[in-house]
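As structure tokens, the structure follows; a few thoughts come after it.
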Amino acid sequence: MSLQVVTANRLDDGLAVFMTADEGWSTDIRQAICAGDAEQAEALLARANTQKQQITVVGPYLIDVANEDGVLVPIKYREILRTLGPSVRPDLGYQAG
Amino acid sequence: MYRYDDFDRQLVAERTTQFRDQVARRLSGELTEDQFKPLRLMNGVYLQLHAYMLRIAVPYGTMNGNQMRMLGHIARTYDKGYGHFTTRQNIQFNWPKLNEIPDALEDLATVEMHAIQTSGNCIRNTTTDQYAGAAADEIEDPRPYCELIRQWSTFHPEFTYLPRKFKIAVTGSPNDRAAVRVHDIGLRMHKNDAGETGFEVIVGGGLGRTPFVGKTVRDFIGKNDLFSYLEAILRVYNRFGRRDNKYKARIKILVHEVGVEEISRLVEEEWAKIKDGSLRVSDDEIAQYIAQFAPPAFEELRDNDPEFERRKQAHPDFAAWVRSNVIAHKQPGYAIANISLKPIGGIPGDATAEQMELVGDLADQYSFGDVRVTHEQNLVLPHVKKAELFALWAELKNAGLATANLGFVTDIIACPGLDYCALATARSIPLSQRISERFGDLDRQYDIGELKIKISGCINACGHHHVGHIGILGLDKRGKEFYQITLGGDASQDASIGKIAGAGFSEAEVVDAIEALITRYIDIRNVGERFIDTYRRVGMDPFKEVLYGDR
């Protein structure tokens, strides 16, 4: 099984976010807490799905990631786009810096 | 143009207040997402890949200059300076913040706009011919009937929780520019033997994962009876439409499974009970709505303007734009000017805040304050004096809005695809950009002639690929984008669903495949044949051959 992190959209502005070790949320996937097996992944998702989290994020789910030289990168192209922004508008989204 | 009455104003104001309260309760945690989601969807608020999306209704694609400028204001104030005109004649914004959307809706309400009927399982915003009230070929302006449909359908208590969404399109012209045969209900205006104007009623058309051309349930329904007849169809659908499976819930599946004869029988049976009730609309009432859409104060002009002809001679760029983007108007001396939102290599349907504000101003200056959105993701100024076309063109050109490609190979419909959409399986926009760049040369486009390429980034077919002369469907094949080509689709009065050519192509291969198809068409076409005509004459095989050879 590949590594997994929890992602969601932030409730107030809708931006893509990733769960951090302290159960907070970061717009930077590199800050995400990573699960190494299915059990850890389920536990992470449970922490993201609490009633308290409901007022911070919408629809948390697990995504597969790879550790590339110490940097977490999603495996699916859809999720790569969520870490960057629209490929047709490099001036927008996280990729714009 | 229709102006709100007190009921409309109250309706929109109350809806905005309600939504503000719902958003506050969601943000405070009083409402869960499961509770909130249907409420936000009823107000046009989706959640996409990168952010929320707000879809704003443009009823039957008609706006005034103030409304267009307001869209520019929304883009600048609540979004990132642009918006995206859709195949439903609406506009959507890609980056609004949830806590600011109530303010945006309040701003929109000041110009009689809203996001009602842009989502949810209700009767959606009615669409029609973008040239309504201007086209030389129309029998009658369809918009009074569209407005009556809007009033009948908005918050209709019986039809707020239909099995699935429901889309109605109307054409007042025999040349169908509203794709009425691929809607849940399509209404085609025509005259009966007695010379009365009424509608052919077509039911069960649609695209998506199971495309169908609609079937005629009644060849003629008079204007007075139209609304009770629509109610009867909706009642039959609401009762018998499948609620057990989302993918089989549209009326097209019901029509397909039960058969059009049985649907017709059920509708007639229901209609017999209600046809003389409150939904029968009198001639006087219809006349009031026709008056709301009375033609603007056209001047009596000669159809030929010598200055216009001279400008065309002197400016080949202008002549090219006139040739491709300007269409005959029913009033002598006037023309319909199409504003292409398909610059070569650009994003189909996108417009900046500045462009929207400019088009609003140009509508006021040149087109009696009237501007339209087309289902092919372009804009229209419907009533421009021929003598002023050159001045209009010069202003459009300065703003990057004078691309002379309407109906040609680079006038591509593309859904937002995986660049924005949470449902998409592949990107649509970059492919449309590459095709646009490949065929960008105007002479080459004009040589190819009318060719409708339509691209969808998933099976839901928002990009109408099933009715593209060349349709492209983006799919995910083992984590990679790949594209399936269909040929022979058509959204017009000769509607047909395209056929899959064969195995799909990788992102790297697909533009070459499109070029091979077009080259084959040029090699084998007869004089005057469009791509679709040639396809219909020769069939799939010659095109398959260039795509797959002996494969």
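Here the Cβ of each residue, glycine as well, is placed from N, Cα and C on the backbone.
Under DSSP, residues within the domain 'Nitrite/Sulfite reductase ferredoxin-like' (B:52-109) fall into helix, strand and coil as 29 helix, 15 strand, 14 coil. Among the features that TrEMBL reports, domain 'Nitrite/Sulfite reductase ferredoxin-like' is placed at B:52-109 (among others).
Here TrEMBL flags B:119-273 (among others) as domain 'Nitrite/sulphite reductase 4Fe-4S'.
Taken from TrEMBL, the feature domain 'Nitrite/Sulfite reductase ferredoxin-like' covers B:347-398 (among others). Across the domain 'Nitrite/Sulfite reductase ferredoxin-like' (B:347-398), mean pLDDT in this model comes to 98.
The annotation domain 'Nitrite/sulphite reductase 4Fe-4S' is assigned in TrEMBL to B:409-547 (among others).
Contact counts against the domain 'Nitrite/sulphite reductase 4Fe-4S' (B:409-547), taken as Cβ pairs under 8 Å, peak for B:119-273 among the stretches B:52-109, B:119-273, B:347-398.
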